Amino acid sequence: MKIILANPRGFCAGVDRAISIVELALEIHGAPIYVRHEVVHNRFVVNGLRDRGAIFVEELSEVPDGAIVIFSAHGVSQAVRQEAKDRNLKVFDATCPLVTKVHMQVARASRKGTKAILIGHKGHPEVEGTMGQYSNEDGGIFLIEKVEDIARLPMQDNDDLTFMTQTTLSLDDTAETIAALKEKYPAIQGPHKNDICYATTNRQEAVRELAKLSDLVLVVGSKNSSNSNRLAELASRMGIKSQLLDDPSDIQDDWFNDVKTIGITAGASAPEELVQSIISRLKEFGADTIEELQGLEENMFFEVPKELRIKEVN
């Protein structure tokens, strides 16, 4: 069997930054460091940080007063920020700057009293944080996941409306939903370019090319990773078998029936270390050739907070 590697794949700048913030906080301040929600959606990464002294919690009520807490890459609501301030928690914010950009769009709509529509997945922490940026009682923010949800929106054609999107959605699905929104609300405003992040976009485009050459596409990523799930779905939509896996132990013999070429990619929160361990396991199943596709070079970099950056330089 032949292995073909997608390019780009794996860590994005926002994930790199978020993990660095936890690592540096542990190095400088020592354990324990509390992290609200999984800092990124990858089991391997989270377990590694937990082993070093990070304590992952879902609510700030689980964090002792005055402790250090890190907000995950997915962002938090204004209510969570206020709670941390009220309790004198020392906060390091690992929210991805591209998520923060969407937060600012929502906050702007809230200040103006403009009704906002967010395209995203209900229950995802990024969506909860983004919805929680809207505080103007005279307007409102509404969540839709798909085209069919538009029919239940309560707004009128002449309302002052704007839309934004979760950063890790399917490009195709989101384009379809935006087109349907604009058809129903011709005057609706939105970002000049949709809010789906560069890494999500690049990895989906890379999977399109990978699927054309593969009999099976393996996506390295955790089941709670939105962008990893979208990669597996995209390959399946193209008629190619796909599997989402956390690590080599997930690999099953029957995946390789009639498979000559295996495509491998990784979600934005999956480290290259996992990809290489899966390649090693595939060699035991008979994979003997490895090819890496050419792809876009990513040079995006996001700084860590100043307090940690100074220590990092020293």
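Note: Cβ is positioned from N, Cα and C throughout, glycine not excepted.
Sequence annotations record features per position, and here Swiss-Prot assigns [4Fe-4S] cluster binding site to C12, C96, C197. According to Swiss-Prot, the (2E)-4-hydroxy-3-methylbut-2-enyl diphosphate binding site annotation covers H41, H74, H124, T167, S225, S226, N227, S269. The feature dimethylallyl diphosphate binding site is assigned by Swiss-Prot to H41, H74, H124, S225, S226, N227, S269. Feature annotation from Swiss-Prot assigns isopentenyl diphosphate binding site to H41, H74, H124, S225, S226, N227, S269. Marked as active site, proton donor by Swiss-Prot: E126.
Across the residues annotated as binding (2E)-4-hydroxy-3-methylbut-2-enyl diphosphate (H41, H74, H124, T167, S225, S226, N227, S269), the two Cα atoms farthest apart lie 15 Å from each other. Taking a C-beta cut-off of under 8 Å and a sequence gap of six or more, E126 (active site, proton donor) has these contacts in its own chain: H74, G75, V99, G120, Q166, T167, T168, S226. Comparing Cα positions, C12 ([4Fe-4S] cluster binding site) lies closest to S269 out of the binding-site residues H41, N227, S269.
Looking only at the binding-site residues H41, H124, S225, N227, S269, the one with its C-alpha closest to C197 ([4Fe-4S] cluster binding site) is N227. Distance between Cα atoms for N227 ((2E)-4-hydroxy-3-methylbut-2-enyl diphosphate binding site) and C96 ([4Fe-4S] cluster binding site): 14 Å, as a whole number. Rounded to a whole number, the C-alpha distance linking H41 ((2E)-4-hydroxy-3-methylbut-2-enyl diphosphate binding site) with C96 ([4Fe-4S] cluster binding site) is 13 angstrom. Note on the binding-site residues H74, H124: the fewest other CB atoms within 10 A surround the CB of H124. Note: the Cα of C96 ([4Fe-4S] cluster binding site) and the Cα of S269 ((2E)-4-hydroxy-3-methylbut-2-enyl diphosphate binding site) are spaced 12 Å from each other. Applying an 8 A CB threshold to same-chain residues 6+ apart, the list for S225 ((2E)-4-hydroxy-3-methylbut-2-enyl diphosphate binding site) reads H41, N42, G267, A268, S269, A270.
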